[in-house]
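*Asks:* This structure is in structure tokens; I'll ask about it shortly.
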Amino acid sequence: MSDSEKLNLDSIIGRLLEVQGSRPGKNVQLTENEIRGLCLKSREIFLSQPILLELEAPLKICGDIHGQYYDLLRLFEYGGFPPESNYLFLGDYVDRGKQSLETICLLLAYKIKYPENFFLLRGNHECASINRIYGFYDECKRRYNIKLWKTFTDCFNCLPIAAIVDEKIFCCHGGLSPDLQSMEQIRRIMRPTDVPDQGLLCDLLWSDPDKDVQGWGENDRGVSFTFGAEVVAKFLHKHDLDLICRAHQVVEDGYEFFAKRQLVTLFSAPNYCGEFDNAGAMMSVDETLMCSFQILKPADKNKGKYGQFSGLNPGGRPITPPRNSAKAKK
């Protein structure tokens, strides 16, 4: 019948994994119909599951991947290929890196094969107005066609927005929102939806913690807000939570705590964009909700795969510029 029903998932996953151990950068060219099938079938599954996922430990949580496909394979080598471990990814699968297509196709294939053990949240780059600019559109156009990029957009518009692990760990891509008073507000967001320029959905994908801010502050991205430590503490107390787990910012060690360990930032793309010496990290949450971190060290040009660390400039990160550069900062 439809492409999605004719998917040979094992063949697709097998071809995507065949390049393990190859020279990084080797492409895997699936057929256009196979990719379309992955988008349509995963979209169905996303819509059949809640927009605010309720998950159970044990699981492994990963931050931004940004088209760094060979680093994604390293994460799975380290954490165990599905279904050996349960996974939650926090968004930003595409853009910036060279292999957004392989990255998103493997993730969607695993979602379809293991729908109750493998979860993907939406990042700010799973949005047409952003990935039109930062690489994914161009990669789709060069390797396939614009129509396929639009099929991905339809899929991304149905991704879940946030997850709560064992009623204690709140997970999203960006951060908190001044509009977020109850979890029911997230549950009421209707899909498919684009990411608006402001409001709850925008903030969950775009906001950032800032140690120098009390309450809410302006965000130098030109989108959403920053929030201080006491905003985190109040949110956790109000909702009887222990931890916020988010991604969205490159951090030197792959993970970084904020607000007395009440929030953690995860970033899973080592040597981000080839410009940074950051590590990538994955957070393992065990049955008792104890969190530990597995680190992918940055490759050092002179020392091979697991070289020494240099560092980021304090606070240094490539930021995504405003969605609309003419728009005044909030």
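Numbering starts at 1 and runs along the chain as it is shown here.
Each residue, glycine too, has its Cβ placed from N, Cα and C.
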*Asks:* Which one of Ser22, Ser182 shows up in Swiss-Prot with the note phosphoserine?
*Replies:* Ser22
*Asks:* In DSSP terms, helix, strand or coil for His125 (active site, proton donor)?
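*Replies:* SS state of His125 (active site, proton donor) = coil.
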*Asks:* I'd like the Cβ neighbour count for His173 (Mn(2+) 2 binding site), meaning other Cβ atoms within 10 Å of its Cβ, all protein chains included.
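*Replies:* The Cβ of His173 (Mn(2+) 2 binding site) has 26 Cβ neighbours within 10 Å.
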*Asks:* Specify the count of other C-beta atoms within 10 Å of the C-beta of Asp92 (Mn(2+) 1 binding site).
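*Replies:* Its Cβ shell of radius 10 Å holds 30 other Cβ atoms.
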*Asks:* Let me know how many other Cβ atoms fall within 10 Å of the Cβ of Ser22 (phosphoserine).
*Replies:* 11
*Asks:* What is the nearest of the recorded positions Ser22, Asp64, His66, Asp92, His248 to His125 (active site, proton donor), using the Cα of each?
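*Replies:* Its closest listed neighbour, by Cα, is Asp92.
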*Asks:* Only counting partners 6 or more residues apart, tell me which same-chain residues put their Cβ under 8 Å from the Cβ of Asp64 (Mn(2+) 1 binding site).
*Replies:* Leu90, Gly91, Asp92, Gly123, Ala247, His248, Val250, Phe267, Ser268, Ala269
*Asks:* For the recorded Mn(2+) 1 site formed by Asp64, His66, Asp92, name the remaining residues of the chain with Cβ within 8 Å of the site's Cβ center, in chain order.
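*Replies:* Close Cβ neighbours, site residues excluded: Gly63, Ile65, Gly67, Gly91, Tyr93, Val94, Asp95, Arg96, Gly97, Gly123, His125, Ala247, Phe267, Ser268, Ala269.
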